[in-house]
Amino acid sequence: MVSPTFIYESAILVALLHFVKGQEGEKHILVKRGAGPSNCYHSCDGLHHGGCHNGFCECDRGWIGQYCSVRDCSSGLYCTNGGTCVENGMDYTCVCKDGWSGTDCEQVDCTWSGHCNNRGTCVQTSTNTDYTCNNCASGWRGNSCHLIDCSSKVYCYNGGTCMGDVNGGTDYRCICEEGWTGRDCQFINCFSPIRCMNKGQCHLQNGGKEFNCTCADGYLGDNCQIDMCSPYKIADIVFIMDVSVSQNETTFVEQKNFVKYFIAQFPLGPDHFQFSLILYASEPHAVFNLSNMYDNYTIIDAVDNATIPDDKRGATFTGKALAFVKDNSFATTNGGRADVDRYVILLTDGMSSASLDTANQAKLLRLSYPNVRIKSIGSGDIVFHTELLEISTYPLNVFPLHGNDSVRSVQKSTMYGCERCTTAYSDVVLAFDVSSFNYGQLDTMLKTAEVLIANLHTDVNQTRVGLSKYESIAEEVFEFDEYTTSNEMISVMNKHIMKSETCMKDKQCSSRDISSLLQDVLREFQKNSEKSRRKAVVIFSQFIFDKDIAGRVVLEIQNLKDNGVSVIVVGEGLEANIDKMLKLSTTSFFTFIIGEDFNTPIDAILALMSTLEYNICFVQ
């Protein structure tokens, strides 16, 4: 503040000059106090930057000073776009920010990359007073390439969702998919429930961008997601059910129950297991295709209500059914998948009306689908094992209708090495009724037994074999674990199982009462068999008994069954009493008639392999 003193006509005049910096629109004025003329003492409009109003000198915006002749840089009228105004009396200069030039910094300088934030190409407008940005870098948009472009997919990795709503669009946030974390969802979230499941331990690697799992027992996979003891390798499975005239209504119901139980053991759906059901007699009939049924209730109901049209009933043309599966069931139009395992489960008695065509169609099916596995399930009042073995090509793919060995076989093949699922072994007694055979018949039975023994695994903790015989009396030849190699067993068997000359002379063997032999067999199981093992007796006999002897034999066989022993009966040729054998065996599948009369070779006995050496899964 300046306070000059003036002499005006003998009066003392004190004038105070106020130079006030105010808001936009305020005036810089000379305030006159005391006596004086009504006009301003100084002329303030001579330079046309102000005027005298009511005794006050009011300057135009942008000017200050006694004569309104000094530039007012604080007015904001000079040096645009952030330039700095420097007062120089009646003039001024501008110190422009980067990217601007001109008297008032009004001209764009596009040589400076900052206009587009180093992310695009600056282009001046026609007046050179503004600009736009072209070719913004990926991830950016806007006039100055200053806004986040979430559509560019340069943010939020691993399936994360970009939200460009932070700080007016100049920043972003990510909504990460399960299992990921970090600003850009770039890091593994070890606490996510999808990482190292089933009590596995998650370990971060590579700065958190990778991980590995230490899985709990029984699980494997990148995230321990595979239960090694649950079916995991998906498959397409087709059931072929024989409903020809050789199969009665009881068998049909048993077949349906088998199929329903089988299906219930697997998860269903286009990403899991798919099933199809074909009924056949003279012609095949598709009840449902692989793509038709995706829930247990629907598919079980379809099996229950399955029936074959009247015009397709008749004889047993198994070959036609196999050809139908080859041409239709695994087709993609019916739901077949190219990259999965395939199974055909054939339920039949093995007595097709055109056996050569059946064998040929089975071969063609395997040629068309190299990864297909055909499993034959013997069902019916009488089972012809030879055809079942020929269809399946491998003894362990042939099963009886009763029991769940076939289901366990498929389950294990679709698991990843479940340690709780393993091969189990049986205790087997071979019991020879020598008295019922002539020399030729006995030789056939011995060769049949040799084939069976040679194919069993008889090392320590595997299948254990005992041998007993009956001629005039019952005699145990060797117990379980006495021999552990097949060669030893076969040698001892051929040495001891023979017809006695004495017996042939005095007819002491004619009674053929094998009840004592069966009693010895039961005692062997009770004394030496392990409880966890499956027990089976293979009785080689023609089963021709007097009426009173037959009653005792039936009683002893029932005792064996009551003690958990599977009864398997083997006879030779037309002389074998097949009716009696079917009644005594645990199931018709366990009845074998070997010999040329029935066109049944000795290796038909190998159909027993899946029963004697089988898959079992232990519950934890």
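Glycine is treated like the rest: Cβ placed from N, Cα and C.
Just so it is clear, the model here is predicted, and its values are computed rather than measured.
According to TrEMBL:
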{"type": "DISULFID", "residues": "Cys96-Cys105", "note": "disulfide bond"}
{"type": "DISULFID", "residues": "Cys176-Cys185", "note": "disulfide bond"}
{"type": "DISULFID", "residues": "Cys196-Cys213", "note": "disulfide bond"}
{"type": "DISULFID", "residues": "Cys215-Cys224", "note": "disulfide bond"}
{"type": "DOMAIN", "residues": "69-106", "note": "domain 'EGF-like'"}
{"type": "DOMAIN", "residues": "146-186", "note": "domain 'EGF-like'"}
{"type": "DOMAIN", "residues": "187-225", "note": "domain 'EGF-like'"}
{"type": "DOMAIN", "residues": "236-414", "note": "domain 'VWFA'"}
{"type": "DOMAIN", "residues": "427-612", "note": "domain 'VWFA'"}
{"type": "SIGNAL", "residues": "1-22", "note": "signal peptide"}
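Annotated features taken from TrEMBL, shown on the structure.
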residue: Cys96; record: disulfide bond; contacts (Cβ under 8 Å, 6+ apart): Cys79, Asn81, Gly83, Gly102, Cys105
residue: Cys176; record: disulfide bond; contacts (Cβ under 8 Å, 6+ apart): Cys156, Asn158, Gly159, Gly160, Gly182, Cys185, Asn189
residue: Cys196; record: disulfide bond; contacts (Cβ under 8 Å, 6+ apart): Cys190, Cys202, Phe211, Cys213, Thr214, Cys215, Asn223, Cys224
Using DSSP, how many residues in the domain 'EGF-like' (187-225) fall into helix, strand and coil?
3 helix, 14 strand, 22 coil
Which residues, given as numbers and ranges, are at least 6 beyond the ends of the domain 'EGF-like' (146-186) yet have a Cβ under 8 Å from it?
117, 119, 136, 138-140, 192-195, 208-209
Kindly state the mean pLDDT of the domain 'EGF-like' (146-186) in the predicted structure.
94
Any idea what DSSP makes of Cys185 (disulfide bond), helix, strand or coil?
coil
Under DSSP, is Cys176 (disulfide bond) helix, strand or coil?
coil
Provide the number of Cβ atoms within 10 Å of the Cβ of Cys215 (disulfide bond), excluding the reference atom itself.
21
